[in-house]
Amino acid sequence: MVSWRRFCWHYHGWTLGCYMLLAIIALKLSLRLKCDFDVMDLDSKEFQSQYCRDLLYKTLELPAKSSINCSGVIRGEQKAVTQALLNNLELKRKRQSFTEADYLSMTADCEHFKTQRKFIQVPLSKEEANFPIAYSMVIHEKIENFERLLRAVYTPQNIYCVHVDQKSSETFQQAVRAIVSCFPNVFIANKLVSVVYASWSRVQADLNCMEDLLQSPVPWEYLLNTCGTDFPIKTNAEMVKALKLLNGQNSMESEVPPPHKTFRWKYHYEVADTLYRTSKEKTPPPNNITMFTGNAYMVASRDFIEHVLSNSKARQLIEWVKDTYSPDEHLWATLQRASWMPGSDPLHPKFDLSDMRSIARLTKWQDHEGDIENGAPYTSCSGIHQRAICVYGSGDLHWILQNHHLLANKFDPKVDDNVLQCLEEYLRHKAIYGTEL
């Protein structure tokens, strides 16, 4: 400081400028000291400063893997979307995903792993800290997909149960265990099952996590269930606000079944290597319950989950649907219309809720794609289709972010990593600044 004073005194014409410079330096240092990232509330006075937010964003900013214009892609600018799609075609074959061995190596030092991979390690607001969310995450392959999904939804106040398919490779299971071991609020389900597509085992995986999550000391109020091809399209803060607005109600697809879907519970199904239908007809549903259809995904209150596991009528329905086709697509939808389930909706068709009106999951179905001006609910998929569902491409991101859902399905970095990269960048920026890119 003495040398600065002598310098300023010697060049007295610069005195005012020198002291202004010193004041700016002192202010920046004081701001740095006030940016307490260990006890953080983005709504607090100190984090209203651009400096603190910039510093936090720089710490948590995800490394860009390509030079695409994510802001343009998010706004739906055709030039940016075209460049992103072309860039994806160029890099798709060259891109190397992280392997199980990579994660086993990275997680040898958990603190370094969490810092290097930019996990958010403190609640970003008091509102979020006081409203933890429970996750049931059912996965079976693609370790990088799982880690990126976990990173996108992770906050230290939430609680995460991971169900790993029992028939997944041993190296995959080891890598999942290694990742999970780095977080005190992430755990593997106590009971694992071998999941067969469209069979009861898919529901059982979620039920196993539900049981474990209810045993957790974390006072969560809502549960979201995910699979390995899901990704959030809202920040944790936005999710908390949406869940509070539900005020104890659930949100999941539940509609009167079309005639072609009723066969799913009219016949007995059995599992060999796959699920197959027998000629044996089933008895009617128990308690004269009315059947509804929906999908596997839910936004469900804690009370609803507790009743799923303990209510006698719910347990009878669970037993009855075990030998049906794709029971996850009618069990939750039917329970959501049962008057004895908390947060449910009445039976009347006016209370039907489509997947587009529910907030649980945003999906583009191939047979509904088309020209919006001619009545289609959404435009064509810019990625590819898998089992008649769009695996999103960069051209879908603008549309995705216009919707109110909490998560979307399906994403796959091997199909289009740019759409995921831009979505990750969007979510991280919005989590810190509260604004879009």
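Using N, Cα and C of the backbone, Cβ positions are placed for all residues, glycine too.
Per Swiss-Prot, disulfide bond is recorded for C70-C227 (among others), and the stated evidence type is similarity to another entry. C70 (disulfide bond): 24 other CB atoms within 10 A of its CB, across all protein chains. DSSP assigns C70 (disulfide bond) to a helix.
According to Swiss-Prot, the disulfide bond annotation covers C161-C381 (among others). Counting only residues at least six positions away in the same chain, the Cβ atoms of A134, Y135, S136, M137, F187, I188, A189, C209, D212, L213 sit under 8 Å from the Cβ of C161 (disulfide bond).
The disulfide bond feature in Swiss-Prot is assigned to C182-C209 (among others); the stated evidence is similarity to another entry. C182 (disulfide bond) carries neither a helix nor a strand DSSP state and counts as coil.
According to Swiss-Prot, the feature disulfide bond maps to C390-C422 (among others), an assignment based on similarity to another entry. In the three-state DSSP scheme, C422 (disulfide bond) is classed as helix. A simple way to gauge crowding: the CB of C422 (disulfide bond) has 27 other CB atoms within 10 angstroms, across all the protein chains here.
The number of other CB atoms found within 10 A of the CB of N288 (N-linked glycosylation site), across every protein chain shown, is 6. The N-linked glycosylation site annotation in Swiss-Prot covers N288, and the record cites sequence analysis as its basis.
Summarising the annotation, Swiss-Prot assigns topological domain 'Lumenal' to 28-437.
Sequence annotations record features per position, and here Swiss-Prot assigns transmembrane segment to 7-27 based on sequence analysis.
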Fewest neighbouring Cβ atoms within 10 Å: which of the disulfide-bonded residues C227, C381? C381
Would you mind pulling the DSSP three-state label for C209 (disulfide bond)? helix
Nearest of the recorded positions (C70, C182, C227, N288, C381) to C422 (disulfide bond) - Cα to Cα: C70
What same-chain residues, at least 6 away in sequence, bring their CB to under 8 Å of the CB of C182 (disulfide bond)? T107, C110, F113, K114
Distance check, please: Cα of C70 (disulfide bond) against Cα of C381 (disulfide bond), rounded to an integer number of angstrom. 19
